[in-house]
Amino acid sequence: MLKKDMNIADYDPELFNAIQNETLRQEEHIELIASENYTSPRVMQAQGSQLTNKYAEGYPGKRYYGGCEYVDVVETLAIERAKQLFGATYANVQPHSGSQANSAVYMALLKPGDTVLGMNLAHGGHLTHGSPVNFSGRLYNIIPYGIDESGKIDYDEMERLAVEHKPKMMIGGFSAYSGIVDWARMREIADKIGAYLFVDMAHVAGLIAAGVYPNPVPHAHVVTSTTHKTLAGPRGGIILSAADDEELYKKLNSAVFPGGQGGPLMHVIAGKAVAFKEALEPEFKAYQQQVVKNAKAMVEVFLERGYKIVSGGTDNHLMLVDLIGRDLTGKEADAALGSANITVNKNSVPNDPRSPFVTSGVRIGTPAITRRGFKEAEAKELTGWICDILDDAHNPAVIERVKGQVLALCARFPVYG
């Protein structure tokens with residue numbers, strides 16, 4: 001018999017302690033992983049609701065099970081809000097993740113062996129854009145494009161490769177690129193060779209929703225995103241389009257269900273609906289503007305302290321610190337900063353001589369620190385501490401000093417105040 005007062009603390013203290021420790025870690029550590037963020041209590045409330053009990057294979061109004069009248073309302077709210085947020089005429093909110101959304105696009109538009117032009121992972125792309133260890137690199141013929149000497153996307157090279165190899169699909173989007181992407185130029189190239197343009201905007205979706213980064217939806221045939229990262233929603237994915245092509249929309253829906261997934265996670269879709277509503281509020285735009293201001297402030301300090309930033313700056317929420325030529329690997333930098341309660345991730349940089357498990361760079365992003373209230377002053381102060389550690393990464397005294405400063409700053413800016 002189920003009772004409302006059942007709880008994890010009494011029943012499963014081992015699990016409860018792990019959850020409590022993670023909660024404390026998030027409060028006492030500064031989160032700089034560019035793909036991480038803090039979702040709102042409203043989103044978590046939706047995810048912890050009775051919607052988790054309901055199977056709902058199919059789409060609103062076309063379910064395979066009965067009893068779906070209320071989950072239809074939930075999913076329709078999420079769909080309509082996503083369309084409003086990004087100016088789309090089609091939205092699928094069922095993908096469990098960004099990678100599964102991307103997989104559905106491949107399935108809908110391509111056949112195994114088709115040629116795809118995607119951004120090189122070592123130049124800032126994503127695993128699902130053609131990495132040989134991913135389904136995309138195993139099932140399709142991938143032609144990688146990259147960045148030039150200045151760290152910017154080389155559109156002339158992209159066009160040359162497109163004309164030479166005639167891919168059926170071109171992919172825009174990134175996981176570690178700090179510049180503005182010219183979606184219109186990419187569509188011109190795609191149209192020149194008769195290819196689909198597919199954009200994965202996962203990293204910058206929140207910035208796009210707020211109007212502080214160019215929107216790819218008017219230019220691409222299909223756009224995907226995660227719903228966490230800069231969007232600050234639950235972990236999941238979405239597929240969008242403004243192509244006004246009903247046949248394309250049917251293919252995309254079929255590729256998600258039944259092509260790649262079974263029942264949707266209705267409690268997560270409810271969380272997405274909440275997050276989309278939050279992203280439509282005026283304060284969300286102010287938040288995203290501050291995300292970019294904080295990133296630019298951090299870059300300023302890194303450059304002043306003599307550190308190289310790939311592309312020389314940032315126009316979004318992230319930056320890639322290039323440690324090539326320094327007696328410090330990305331892995332060592334990651335570990336040293338982690339010991340001071342600063343969480344980053346090691347990351348390959350262009351022309352990296354080290355393996356992806358070691359790397360010569362670290363990726364840093366500002367969505368999470370901005371979410372807890374940091375502004376430029378705190379971002380600059382924090383970057384100074386990071387540089388202190390990178391300058392002397394094997395000095396325990398420096399790490400302990402910075403850790404104390406981090407704890408004091410975290411206490412001033414609680415995640416959930």
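Indices start at 1 and increase along the chain as displayed.
Just so you know, glycine gets a Cβ as well, placed from its N, Cα and C.
Since we're looking at a predicted model, the values are computed, not measured.
According to Swiss-Prot, the protein carries these features:
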type: BINDING; residues: L121, G125, H126, L127, S355, P356, F357; note: (6S)-5,6,7,8-tetrahydrofolate binding site
type: MOD_RES; residues: K229; note: N6-(pyridoxal phosphate)lysine
type: SITE; residues: H228; note: site 'Plays an important role in substrate specificity'
Check: About how far apart, in whole Å, are the alpha carbons (Cα) of L121 ((6S)-5,6,7,8-tetrahydrofolate binding site) and H228 (site 'Plays an important role in substrate specificity')?
Finding: 21
Next item on the list: Based on DSSP, name the secondary structure state of K229 (N6-(pyridoxal phosphate)lysine): helix, strand or coil.
Entry: helix
Next item on the list: Would you mind pulling the DSSP three-state label for G125 ((6S)-5,6,7,8-tetrahydrofolate binding site)?
Entry: coil
Notebook entry, point to check: Near H126 ((6S)-5,6,7,8-tetrahydrofolate binding site), which residues of its chain come within a Cβ-Cβ distance under 8 Å, counting only those 6 or more away in sequence?
Noted result: M119, G173, F174, S175, D200, A202
Next item on the list: Could you list the residues of the same chain, at least six apart in sequence, whose Cβ is under 8 A from the Cβ of L127 ((6S)-5,6,7,8-tetrahydrofolate binding site)?
Entry: S99, L121, V133, N134, S136
Next item on the list: Compute the C-alpha separation of P356 ((6S)-5,6,7,8-tetrahydrofolate binding site) from the residue listed as 'N6-(pyridoxal phosphate)lysine', stating it in Å without decimals.
Entry: 22
Next item on the list: Return the residue, from the listed binding-site residues G125, P356, with the maximum count of other C-beta atoms within 10 angstroms of its C-beta.
Entry: G125
Checklist line | Cα proximity to K229 (N6-(pyridoxal phosphate)lysine), best match among binding-site residues G125, S355, F357 | finding: G125
Check: Between H228 (site 'Plays an important role in substrate specificity') and S355 ((6S)-5,6,7,8-tetrahydrofolate binding site), what is the CA-CA distance rounded to a whole number of Å?
Finding: 28
Next item on the list: Tell me the Cβ neighbour count for S355 ((6S)-5,6,7,8-tetrahydrofolate binding site), meaning other Cβ atoms within 10 Å of its Cβ, over all protein chains shown.
Entry: 11
Next item on the list: With H, G and I counted as helix, E and B as strand and the rest as coil, say where DSSP puts P356 ((6S)-5,6,7,8-tetrahydrofolate binding site).
Entry: coil
